[in-house]
Every structure is written in structure tokens, then in C-alpha cells.
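Novice: Annotated FAD binding site per TrEMBL: 51, 115, 302, in sequence order. If you look up TrEMBL, you'll see 177, 178, 179, 180, 181, 182, 183, 184, 200, 263 marked as NAD(+) binding site. Annotation comment: TrEMBL describes 42-47 as disulfide bond. Taken from TrEMBL, the feature domain 'FAD/NAD(P)-binding' applies to 6-317. Summarising the annotation, TrEMBL assigns domain 'Pyridine nucleotide-disulphide oxidoreductase dimerisation' to 337-446.
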Ligand SMILES: Cc1cc2nc3c(=O)[nH]c(=O)nc-3n(C[C@H](O)[C@H](O)[C@H](O)COP(=O)(O)OP(=O)(O)OC[C@H]3O[C@@H](n4cnc5c(N)ncnc54)[C@H](O)[C@@H]3O)c2cc1C
Ligand SMILES: NC(=O)c1ccc[n+]([C@@H]2O[C@H](COP(=O)([O-])OP(=O)(O)OC[C@H]3O[C@@H](n4cnc5c(N)ncnc54)[C@H](O)[C@@H]3O)[C@@H](O)[C@H]2O)c1
């Protein structure tokens with residue numbers, strides 16, 4: 001088999017898998033390499049198993065709301081169905097044969113191994129050298145970042161990869177990091193009965209989202225008896241054979257398990273980017289609008305730093321694939337990247353936060369409305385916590401950012417994502433009819449406060 005091909009894809013996360021398959025189906029000679037599992041973090045260690053866990057945990061939370069609304073419910077949490085679904089349905093016991101077969105079925109050649117660029121058109125995968133005449137595509141994603149906290153490295157801590165593979169919910173859990181991964185898993189385990197403490201170095205949880213969103217979630221998680229320690233740098237970690245101790249400025253926390261969810265790491269040097277003249281001292285590559293980082297070299301997904309989300313990886317894959325095939329089409333744009341943290345309530349957001357907009361010198365108008373005081377929120381009652389916040393560019397008269405926290409907050413976000421993406425004039429949004437009594441009707445109330 002010739003080692004001179006059209007395209008080599010290094011790393012087959014969600015975007016890389018889609019792009020490699022599309023190019024192979026289009027008739028190009030494509031080699032796809034993955035060191036671990038085809039499909040990447042999302043199906044095996046990320047989105048899908050965590051959302052299965054959350055779905056189960058939310059059903060427990062909803063059952064706990066029965067006394068407020070509908071009588072009595074006898075709730076006895078059991079983690080076994082979650083573990084079984086993750087193993088059997090989400091990950092096929094962490095086996096990617098179906099995905100490999102799907103790719104090879106489209107005509108691609110798959111190699112399990114670590115890929116590294118060795119020159120403008122050359123890639124080494126394991127012991128083999130390949131020449132890619134049309135494109136090299138990087139979709140290598142990220143690994144969990146482990147902060148240099150004294151003692152931590154020597155302990156048997158969990159990352160997301162261990163947490164989603166748990167067979168049982170631990171009795172107690174300390175979560176380092178109050179971002180998306182930390183909070184989603186913290187709340188899910190807590191709903192199964194785990195005693196959870198979250199240690200977040202920033203002054204608030206979800207520090208990059210709107211402060212109003214952070215506040216709603218802080219109130220909900222505190223009411224669910226999670227212990228939130230914010231502005232709390234972990235100073236030391238130890239493990240005595242049975243449990244963890246984490247020292248924070250306020251004292252010591254102890255738990256059976258420790259989950260490190262403090263962000264993600266890339267390794268640009270390990271990808272050989274110096275061989276094509278790129279700086280490897282940075283965390284992310286810098287692609288142009290067609291995802292090129294050098295002539296004939298493309299990068300998609302988390303390593304581009306445009307939003308570590310499956311939908312960004314897939315979007316970039318489509319743009320890059322079109323460009324590699326020589327088809328016309330728009331380049332990538334990022335003014336309306338949506339994101340949803342699947343806590344309950346869900347925290348959906350799109351575009352810029354108020355703080356980000358002000359940092360850019362944009363003259364903004366903002367408005368918020370509380371979900372519990374909307375008609376649907378009031379009807380919903382137990383579990384109705386939420387807020388909608390809009391950020392308008394005062395000069396252009398369009399929304400440039402929005403946040404939707406609440407039951408189905410991620411679904412409510414879709415209307416706001418359309419508005420931000422298509423730059424629908426705020427005056428036009430104010431003329432729209434919002435179905436009664438939906439959660440999304442609260443958007444109308446927020447719009448009426450924008451002046
Ligand atoms: C717990 C958790 C929950 C998440 N939930 C969501 C969610 O709900 N929604 C959402 O949109 N996103 C979510 N994400 C983020 C999402 O998983 C990623 O954004 C998504 O997987 C896209 O990543 P990627 O395309 O960059 O590649 P990845 O999925 O990171 O895959 C990269 C692949 O490249 C391989 N690789 C790396 N280096 C090499 C190399 N040198 N040679 C060969 N192969 C290599 C790896 O083995 C891996 O298979 C979650 C992440 C985590 C951890
Ligand atoms: N629903 C989703 O779409 C979803 C879910 C999970 C993850 N993700 C993606 O994965 C990415 C990574 O998630 P993440 O939660 O690891 O990262 P994150 O950047 O979202 O959150 C990490 C948190 O850890 C804190 N932190 C950093 N160092 C710390 C330390 N030493 N001690 C205590 N806290 C510390 C940070 O201040 C931050 O709040 C996210 O940015 C997101 O894009 C998406």
C-alpha cells in the first residue's frame with residue numbers, strides 16, 4: 001500500500017472522524033490515525049457518557065420534586081443503570097470498532113497510532129512515514145490538565161475519563177475546578193447521594209459566564225447541599241490509601257475520591273509543529289478562516305481555541321473539508337458560538353458576555369429577567385430557577401450575546417443563537433410573537449427591558 005496519499009488526518013475526534021470520512025467518500029486517498037479511540041473524547045469520556053449520567057441524575061431530582069407538586073415518591077438511587085448504559089450504549093466498553101469500520105467502509109485507511117508532522121507534507125505515524133499531497137489535518141483535541149499542586153501527582157485522582165467509567169457513585173467527592181466538567185459531574189454525583197465539595201480558584205463558579213448565571217447555579221447547588229469553595233486555591237493534596245485530603249486556605253477537605261477538572265492541555269511540540277515553522281510554546285494553534293495553520297496543513301477542534309465543543313469541531317470540519325475539496329463556501333466565523341453547561345438548571349450562552357463586550361470597547365445595553373417570575377416559570381414551580389440575560393450592541397441595534405439559564409435553558413438558547421448569528425435587529429425581535437406559556441417567552445420580557 002502506497003504511503004503517498006491525498007490527506008492524512010492526525011487525531012480522529014468528532015471533527016476529524018467526520019472530515020476523514022467525508023473526504024474518503026469523495027474519492028480521496030485518506031489515512032486517518034488515532035492513538036486511542038476513533039470519535040475522541042466526546043463519545044468515550046465526555047459529552048455522551050456525562051449526559052447519560054446527568055439524564056439519570058435529573059430524573060432523581062425531578063422525583064424529589066414530587067412532594068411539592070404531586071404527592072409522594074419513594075426514591076432509592078442506583079448508579080448501576082448509568083454504569084451499564086455508559087459501558088454498553090455509549091462506549092461499547094470503550095471499543096471503537098464500529099467507528100473504525102464506518103471509516104474504512106468509506107474507503108479510508110485507519111492506523112492506530114500517534115501521529116506527528118515531520119515536514120510540510122510529511123507525517124510519521126508509529127514507524128511509518130506518509131506523504132500527504134493535498135492536506136494534513138490535525139484534530140488531536142486535549143487532555144485533562146493537571147495543576148502543579150504539591151502532592152497531587154502522586155495520588156490516584158480521577159479525571160473525567162475515570163469519572164465517567166465509575167461503576168458506583170462514591171460516598172464523597174472533592175471536585176477541583178468549578179467549570180463545565182466539574183459542575184456537571186459534581187451535581188450528577190450529588191444527586192446519586194455523593195457528598196460533594198467543589199474547589200474553585202476563581203471568585204465564582206463558571207467564572208467565564210455571566211455573573212447572574214453563576215449566582216443562580218451557586219444558589220441551586222448550595223440548596224442541593226454541595227459545598228462550594230470559591231476563591232480557594234488548593235494548596236496541597238494527599239492520599240492515605242483510603243481517601244484524599246485537600247488543603248485549602250479555610251482548612252482541610254476529605255473525601256473518598258478527587259476529580260481534577262481544572263481545564264485542558266494541548267501538546268503542540270509533540271505534534272511536530274516546529275518542523276513546519278510554527279511556535280509550539282502556545283496552548284492553541286491559530287488557523288485562518290479556512291482552518292489552515294500553514295500551507296496544506298489544517299487544524300480543527302479544541303486545539304484551535306475557538307471553543308472546546310463538539311459542535312465547533314464538527315463545524316470546522318465541514319469548512320475545512322469543503323476547502324480541501326476545492327469547493328466554494330464561507331470561511332468559519334465565531335461571533336455566535338453557542339455553549340450549554342448541562343447542569344440543572346442548564347446554562348446556555350451564545351456570543352459575548354457583557355464583560356467580554358465591554359472589554360472590546362463595545363457600547364452595550366443589557367437586560368435580565370428572572371425565569372421564576374415568567375408565566376411558565378411560575379407554573380413550573382419546583383426546579384424553576386433561571387435567568388435570561390441579553391447583551392445588545394447599542395450602536396448596531398443587534399444582540400451580540402445572550403444567556404439562558406433555566407429548565408431546558410439550552411433549548412431556549414436556540415432562539416437567542418439565531419438572533420445573534422443572523423444579527424436580527426432587536427426592534428424586529430420585539431415584534432415577534434412568543435408562544436404562551438413557554439419558557440422562551442421570557443425572552444420577550446427581557447427584550448422589553450433593553451433600553
Ligand atoms: C466530561 C466532558 C464533557 C463534555 N461535554 C460536552 C458537551 O456536552 N457538549 C460539547 O459540545 N462538548 C463537550 N465536551 C467537549 C468535547 O468532548 C470536545 O470539544 C470534543 O470532543 C471535540 O474535540 P476535538 O474534536 O478537538 O477532539 P477530541 O475529541 O479531543 O479527540 C482527539 C483525538 O485525537 C487523538 N490524538 C491526540 N493526539 C494524537 C496524535 N498525536 N496522534 C494520533 N491521535 C491523536 C486522541 O486519541 C483523540 O481520540 C465535553 C468534554 C468533556 C471532557
Ligand atoms: N456541556 C459542555 O458543552 C461541556 C461540558 C464539559 C466540558 N466542556 C468543554 O471542556 C472544556 C474543559 O472543561 P473544564 O471544566 O475542565 O474547564 P473549564 O476551563 O471550563 O473550567 C476549569 C475551572 O477550573 C478552575 N481552575 C483552574 N485551575 C484550578 C485549580 N488549581 N484549583 C481549582 N480550580 C481551578 C478554573 O478557574 C475554571 O473555573 C470546557 O471549556 C468546555 O469547552 C463542555
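Backbone N, Cα and C define each Cβ position, glycine as well.
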Novice: Which of these binding-site residues (115, 177, 179, 183, 200) have a C-beta closer than 6 Å to some atom of ligand 1?
Specialist: 115
Novice: For the domain 'FAD/NAD(P)-binding' (6-317), would you mind checking the mean pLDDT of the predicted model?
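Specialist: Reported value for the domain 'FAD/NAD(P)-binding' (6-317) is a mean pLDDT of 98.
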Novice: Are any of the binding-site residues 51, 115, 177, 179, 181 near ligand 2, with a Cβ under 6 Å from it, and if so which?
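Specialist: What lies within reach of ligand 2, judged by Cβ under 6 Å, is 177, 179, 181.
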Novice: When you put residue 115 (FAD binding site) at the centre and draw a 10 Å sphere around its Cα, which of the recorded positions 42, 47, 177, 179, 183 have their Cα inside it?
Specialist: none
Novice: Which residues, same chain and not among 177, 178, 179, 180, 181, 182, 183, 184, 200, 263, have a CB within 8 angstroms of the centroid of the CB atoms at the recorded NAD(+) site?
Specialist: 175, 186, 198, 205, 206, 261, 262
Novice: Rounded to the nearest angstrom, how far is the Cα of residue 302 (FAD binding site) from the Cα of residue 183 (NAD(+) binding site)?
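Specialist: Roughly 20 Å, rounded to the nearest whole number.
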Novice: Between residue 181 (NAD(+) binding site) and residue 51 (FAD binding site), how far is it from one CA atom to the other, in Å?
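Specialist: Spelling it out, the Cα of residue 181 (NAD(+) binding site) and the Cα of residue 51 (FAD binding site) are 11 Å apart.
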Novice: Work out the three-state DSSP category of residue 115 (FAD binding site).
Specialist: strand
Novice: Please report how many Å separate the Cα atom of residue 42 (disulfide bond) from that of residue 51 (FAD binding site), as a whole number.
Specialist: 10
Novice: In three-state terms from DSSP, label residue 177 (NAD(+) binding site) for me.
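Specialist: DSSP assigns residue 177 (NAD(+) binding site) to coil.
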Novice: Reported in the order helix, strand, coil, what are the DSSP residue counts of the domain 'Pyridine nucleotide-disulphide oxidoreductase dimerisation' (337-446)?
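Specialist: In the domain 'Pyridine nucleotide-disulphide oxidoreductase dimerisation' (337-446), the DSSP-based counts are 39 helix, 34 strand, 37 coil.
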Novice: List the same-chain residues at least 6 positions away in sequence whose Cβ sits under 8 Å from the Cβ of residue 302 (FAD binding site), in sequence order, or say none.
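Specialist: Correct list: 13, 141, 142, 264, 266, 308, 313.
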Novice: Just give me the nearest neighbour of residue 51 (FAD binding site) among the binding-site residues 177, 179, 200, Cα to Cα.
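Specialist: Closest recorded candidate to residue 51 (FAD binding site) by Cα: 179.
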Novice: What whole-number distance in angstrom separates the two most remote CA atoms of the NAD(+)-binding residues 177, 178, 179, 180, 181, 182, 183, 184, 200, 263?
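Specialist: In whole numbers, the farthest two Cα atoms are 14 Å apart.
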